[in-house]
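So that you can see what the record holds, here are the features copied from TrEMBL:
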type     : residues  : note
TRANSMEM : B:21-43   : transmembrane segment
DOMAIN   : B:77-270  : domain 'ABC transmembrane type-1'
TRANSMEM : B:81-103  : transmembrane segment
TRANSMEM : B:112-133 : transmembrane segment
TRANSMEM : B:145-168 : transmembrane segment
TRANSMEM : B:189-212 : transmembrane segment
TRANSMEM : B:249-270 : transmembrane segment
Amino acid sequence: MSATAPPAMANEATKRPGRRALSEGKRAERRLGWLLCAPAAIVMVAVTGWPILYSVWLSLQRYDLRFPNQREFVGLANYATVLTNSYWWQAFGVTSLITVLSVVIELVLGMALALVMHWAFVGRGLVRTVTLVPYGIVTVVAAFSWRYAWSQDVGYLARLFSPEGAPLTERASALAIIVLAEVWKTTPFMALLLMAGLALVPSELLRAAAMDGASAWQRFTKVIVPVMRPAILVALLFRTLDAFRIFDNVFVLTAGSQGTSSVSMLTFNNLIRGLNLGIGATMSVLIFLAVAAIAFVFVKVFGTAAPGSEKEGRR
Amino acid sequence: MVLEVPDRRMSPEARRRAKWWFVNAVVVVYALLPVLWIVSLSFKTKETITDGRLLPREWTLENYRAIFGTSDFVRALVNSVGIALISTTIAVVLGTMAAYAIARLDFPGKRALVGVSLLIAMFPQVSLVSPLFEMERGLGLFDTWPGLILPYITFALPLAIYTLSAFFREIPWELEKAAKMDGATPAQAFLKVIAPLAAPGVFTTAILVFIFCWNDFLFALSLTSTERSRTVPAAMSFFSGSSQFEDPTGTTCAAAVVISVPIIVFVLFFQRRIVAGLTSGAVKG
């Protein structure tokens, strides 16, 4: 539509100089907008869009770097291989379990932490500062700390809680430690997102509820949570998608042994250790679809509004 | 302690205060215990490293001397700093341009851009590892700095664009209009008026982006193969003692402390800004 406008404008230019200036300003604005966004858009699309398509193409081939001569188009055979493989489903189950457990625990702890940071009577600055430490620590560093805390010969926690066994070599305890490491690292992020939502709860509303005789718990469930619903959903969405791609903690803590592999870990092993590009790409596509499905559920079923999306629409 | 035996003489005010200090103490222990543990391990001697005590009995700098004595670690540190700084610079420059356009200008395709960056923020990174691994080998980018910088920029951009456009919305419109009325072009208005006002937001974003790049493990592990471009988190996972009989625990912890210190200092100095940045953007890389 903008392409047809300029000639007409140019004809009228002599009669209505005011309008012409305006539309030229408008066109300059558009051009500048595109110009400013182009580099970011090009990089993002080139480094994600194109590889994802390429990934789909790779997933339709038998392509093992150890036997490059056997490369051929095999249709959906890789998908059949992966989807009938018990390791894949085990990793999928483990990933889902870790995701659900850690996100639920984080929501509870994060909410508690947000309430502390928001209403702390003394030492609020201190709490806010130390809360940022887990966020800033490199995930791998934290994972090593947990690994050494729970390894049999070195660790203080292993000595305390299981003096006999080696918690990282048993499936249930290893999974629990992975969840612990994930929760420790990301609860502060959850808490900060929730704190932003908490700031939106009008204090008059809380005071009114208190005056009407609502207990602290009632005020929390009947006033604070409903007002914070959008913030909670956004925090849950981000953390669920983030937890589903868990890799660092699993890699350092167990390297996926004892059936603790996550889907990311399994993909990495097939790709970098096994050098099987076809299978690796197939898993990549499947993980992408799983994440897209999670996002779809959040947006459509829970009505999560992506942050910024409404604001963008308005202007 | 105060909580266990409530003193009758304590006023309700003092009791409330004590209760909050107790809660605060719990939070501090929660946040700092794993950090304390790894710092403590890094200062333990070889003989005492398995004693399981929270604090070292004998302190030593041996582990730090060991890692700075090897090219493995020093090279990885140079890679980490260089790659994170370059990625941060490029991502923040591109992000600033795009965020300015999104916050201030009206043009078709704006919502699409926001949608795309939101998609990328949620993108499972491992889905990119397979195709990037193959493509980078073909393009000669595998195991090079640009080979890591490119994906870092890509995943940092949504974070940068979100955080920055939130900051830019707070900047008063009128100043820009005034500049334009004084004859400045939109580009001049951007460079001369908005950019200086936006500097604090840009700086905060740079910290968040740097932390994101500094933290990456998956790409660093998958897209590198030698010390030429391996960053510290990846290098740490390859640490083995100087002989096979030597346990790498102490040196790994020392390396961990070295890469954590700058981030913790950043975080402590700029905590207010970081909180503002994280909550306004509401996006983690």
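For all residues, glycine too, the Cβ spot is worked out from N, Cα and C.
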### Query
Between the stretches B:81-103, B:112-133, B:145-168, B:249-270, which wins on the count of C-beta pairs under 8 angstroms to the transmembrane segment (B:21-43)?
B:249-270
### Query
Hey, which of B:81-103, B:112-133, B:145-168, B:189-212 has the most Cβ-Cβ pairs under 8 Å against the transmembrane segment (B:249-270)?
B:189-212
### Query
Counting only pairs at least 6 apart in sequence, do the transmembrane segment (B:189-212) and the transmembrane segment (B:81-103) share 3+ Cβ pairs under 8 Å?
yes
